[in-house]
Each structure stands twice: as structure tokens, then as C-alpha cells.
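Read through the structure below, which is laid out as C-alpha cells, and then see the notes.
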Amino acid sequence: MGTRGLALALLAAVLLLQTVLPAASEAEGLVRIALKKRPIDRNSRVATGLSGGEEQPLLSGANPLRSEEEGDIVALKNYMNAQYFGEIGVGTPPQKFTVIFDTGSSNLWVPSAKCYFSIACYLHSRYKAGASSTYKKNGKPAAIQYGTGSIAGYFSEDSVTVGDLVVKDQEFIEATKEPGITFLVAKFDGILGLGFKEISVGKAVPVWYKMIEQGLVSDPVFSFWLNRHVDEGEGGEIIFGGMDPKHYVGEHTYVPVTQKGYWQFDMGDVLVGGKSTGFCAGGCAAIADSGTSLLAGPTAIITEINEKIGAAGVVSQECKTIVSQYGQQILDLLLAETQPKKICSQVGLCTFDGTRGVSAGIRSVVDDEPVKSNGLRADPMCSACEMAVVWMQNQLAQNKTQDLILDYVNQLCNRLPSPMGESAVDCGSLGSMPDIEFTIGGKKFALKPEEYILKVGEGAAAQCISGFTAMDIPPPRGPLWILGDVFMGPYHTVFDYGKLRIGFAKAA
């Protein structure tokens, strides 16, 4: 072959490679982790276990999204219904683990080979320090309390492989105790937190920070695409270093991070069927949390949503007592333009001006002793009063008569979310259910019934549950919404660490 022939052959080879390989500008700095999705499983989900006719004390009982101390949001997390997982490696050579990539926490932990007395450890992959040439001993004790379980162990250091990246000298927790059923039935081995270092247990530097420090990503941005259209197989993708335009439609709406720790931002009004609930008209805090499968919000609003979608609820005797004994008095105070947050204290149902005397105990679960609080469950009459004020205020804004308002609030007393965290709905009624809209960055983000109703099982045995669950965070951190996978599925989500902002766009 002559020189010209060789040149032509090389040119043809280059052109062929360009057709089969992505352009360097597209692939450079982007690390893709495929996510697997599993359907919600009747055996592992938290069942309601209650019929709509049962009377329950308001906010009492075993709510899986609430810790005994009413403490940090991490301590409220419920991984029982987790659906999206990815694979990482720890050590050299890499030992494989399936993890939840969780923007609502900041630590990496995996089961340890030295976990001898927890059955959960024997059902999952376990880290063997002696099998890794890059292991470094640390030994500092660590523990994390979640809403539906806990882990304890100690810190170690090793290389962590995420996609094609190798993060060196990463601190992580070797879990030697995994009590309870949560991690026993879990389909994942551990959790990789993508929150801020401010909430990291033991002040360990999160994996994401190490990626940036070691120059492993070109841009300090990661993004989530959760595929909600499949039951199994391709569940989506998390991309470190940027985003893939194929995963979203249009432009992202960005909002600034308002408080580092969680990916927290300010959210505006919540609308049900196009009508304001009034609860967040003046603004609410929200966090984008990939480690939460449902969408959690204040009980007062979740109850209104339940009523509109026909979700089975539980009857609250405290709520009904408020309506019958204090309803007219509350209405009169609202009509007299009394400051709403002061009403429940004026009628003698709350200790302070609309607060419950709860400590500001929303904090990181680090090395401190748990913060004790008299919390929401200690004063159900105060909680019921505060909800009634919200409901009545909203109805007055719609110019409803006093009789209609009292009747409506009494109906809501029959629709309170189950203490077990889930509410069943009629699978055949999706067509009559309203859209639920969240105002973010001045734009409305709607969830359609088929997006917020989750189907469990198939055929005649199928059940449908609401994707909304109640969770009350007291001031100063709350009221707070947690936008989990129910929201992040329909909306591609960008976590921009460099500019401290979060972006949402319609998922492709």
C-alpha cells in the first residue's frame, strides 16, 4: 500500500471511529452510574394496617417517618420503600456493593465482615478490610439513627470506585450492627450520601467532596434521571460532572440552596386541583431527597390532598373535639383578624404562640447525645388546633360560609394520614383525581395522578397507595417538604454544588 493509500485508510478509520464513539466534549468529565429500579414490594413496604373507620389519637403511634426524639431529618428517613440503587466498589481490588445514592444524608456506609450478630449483614455484601491493599485503619466509632432502623460501627479509609472514578483515602463507616427489619429486607447493601458535609456523621468528608478535591469531575455538578416508566431493568442514571440533555425537556428552573446540610430551597404555594391550599403561600422550606421514595409534607396539607383524592384515612377524635368545642371560637378569631399563629394559644390549646414548645432539635445526628423533645405527639390537641386554623383560614379565603367551613373541617378529621405512613386509594379512580402543583422558582410543577399514585402488585391483587405521606418538622427548621422520588421521577433534578443551586426540568 502506498503512502496515499495508507493516508486514506487512516482517514477512513478516523471517520468510522467518529461515528461510533461519542465526541470528547460530550463524554469528558461525565461519569454515569446506571440505577436499577425495583417495584414497591408488598412484603417490604410499610402497610397501613388500619381501616378508615378506626379512631386514632392524632399523630400518635408508630409513624415510620418520625423518630422518638423528633430529631434530625436523617433520623426521620424511611428506606423501607427504596426503589433506586446503583453499584460502587470499595477497596483494591474493588469489592462490589449496591447502594442508595442519597442526597438526604452525607455518609457512606457498607456492612463490615466484622458484623457478626446482625442477620442483615449475612444477607448482603460485606467489606473485608484484609482483602484490600489500600485499606487504612481509622477505628473512630460511628452510629446513625434512621426512622426505620439504625446502623453502628466504626470508620475506616479506603479507595472507593464510582463508575470509572477512583476516590482515594475515603472515610466510610464499616457497619458492625444493623438491628431491625429495615436492612434485613433491604435490596441494597449500604448508602452513599450526597448531602453537604455539615450533616456528615463524625465530620467525615463526603464522597462527592472528595471527587471535587481530587479533580475527578470537570464540573461540581451531579444530576438524577429516574426512569418511572419501567418496573424493572433500566431504572435511570446518576451523572457526576454534569447532565445529559437526553434526560430532560426544555430548560431547568434553578433555585438557590438556602441552608447547607440538605439540598434545601424555598418553595411557594401548593395547589390541589388548581386551588391554593394556602399553607405555603408565604413560602415553605423543601429539600430534594433521592433517598426518600415518597413525597412528605405537613399533615395539614397531606390531609387535604387525601380528601381530594379519596385516600383512606383514620379518624382523629382530637380533631373532631376541636371542631365541636372550639370551631366557632377559632372562626370568630380569624374573622377578627387575630394573627393565626396566636389563635391556638389564645383558646388555651397550645403552650406558646402557635408553637408546641418544641426544642429546635432538628440537627445532625453526629456525636452528641440525642435531643429530647416533648414533640408533636406529646400535645395532639395543639396539633389538631393548628391544623384546623390552617384549614379554616384557607376556606375563609375562598369565601365559604361558616357552616360549610365547619362541615368541611369535620370531614377532614376523617381523612388524617395513617400513623403507619401510607394511605390506600381506589385504583379505578385515577381519572377523577386532581393534579397537585408545587411552586418552585415562580413556576408550577404539576404531578398527575399516575405520577403520585403508586401501584403495588399486579392484576386483581393490585393495590394503589398515595405517594404523599405526612411528616411534621417543627420550627425553626419546619414546616418542611421532602420531595422524594415521587417528585424527582417526573422532574430531572440537577444538584449544582459550584453555584449552590438546584434545578428541575421535565424528565424525558
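Cβ coordinates come from backbone N, Cα and C, glycine included.
Quick look at what Swiss-Prot lists:
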SIGNAL    1-27  signal peptide
DOMAIN    84-505  domain 'Peptidase A1'
ACT_SITE  Asp102  active site
DISULFID  Cys115-Cys121  disulfide bond
DISULFID  Cys280-Cys284  disulfide bond
ACT_SITE  Asp289  active site
DOMAIN    314-419  domain 'Saposin B-type'
DISULFID  Cys319-Cys413  disulfide bond
DISULFID  Cys344-Cys385  disulfide bond
DISULFID  Cys350-Cys382  disulfide bond
CARBOHYD  Asn399  N-linked glycosylation site
DISULFID  Cys427-Cys464  disulfide bond
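Features per Swiss-Prot, on structure.
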| residue | record | contacts (Cβ under 8 Å, 6+ apart) |
| --- | --- | --- |
| Cys121 | disulfide bond | Pro111, Ser112, Cys115, Ala175, Thr176, Glu178 |
| Cys280 | disulfide bond | Met267, Gly268, Asp269, Val270, Ile301, Thr439, Pro479, Trp481 |
| Cys284 | disulfide bond | Asp266, Met267, Gly268, Val270, Pro479, Leu480, Trp481 |
| Cys385 | disulfide bond | Ile322, Tyr326, Ile330, Ile343, Cys344, Val347, Leu349, Cys350 |
| Cys413 | disulfide bond | Val315, Ser316, Cys319, Lys320, Val323 |
| Cys427 | disulfide bond | Ile453, Lys455, Ala462, Gln463, Cys464 |
- Note on the structure: argmin Cα dist to Asp102 (active site) over the recorded positions Asp289, Cys382, Asn399 returns Asp289
- What's the CA to CA span in angstrom from Asp289 (active site) over to Asn399 (N-linked glycosylation site)? 37
- Query: Given Asn399 (N-linked glycosylation site) and Cys382 (disulfide bond), what distance in Å do their CA atoms have, once rounded to a whole number?
  - Reply: 26
- Message: Counting Cβ atoms within 10 Å of each candidate's own Cβ, which of the active-site residues Asp102, Asp289 comes out highest?
- Response: Asp289
- Among Cys115, Cys344, Cys350, Cys464, which are disulfide-bonded residues, the residue with the most C-beta atoms within 10 angstroms of its C-beta: Cys344
- CB neighbours of Cys382 (disulfide bond) within 10 A? 24
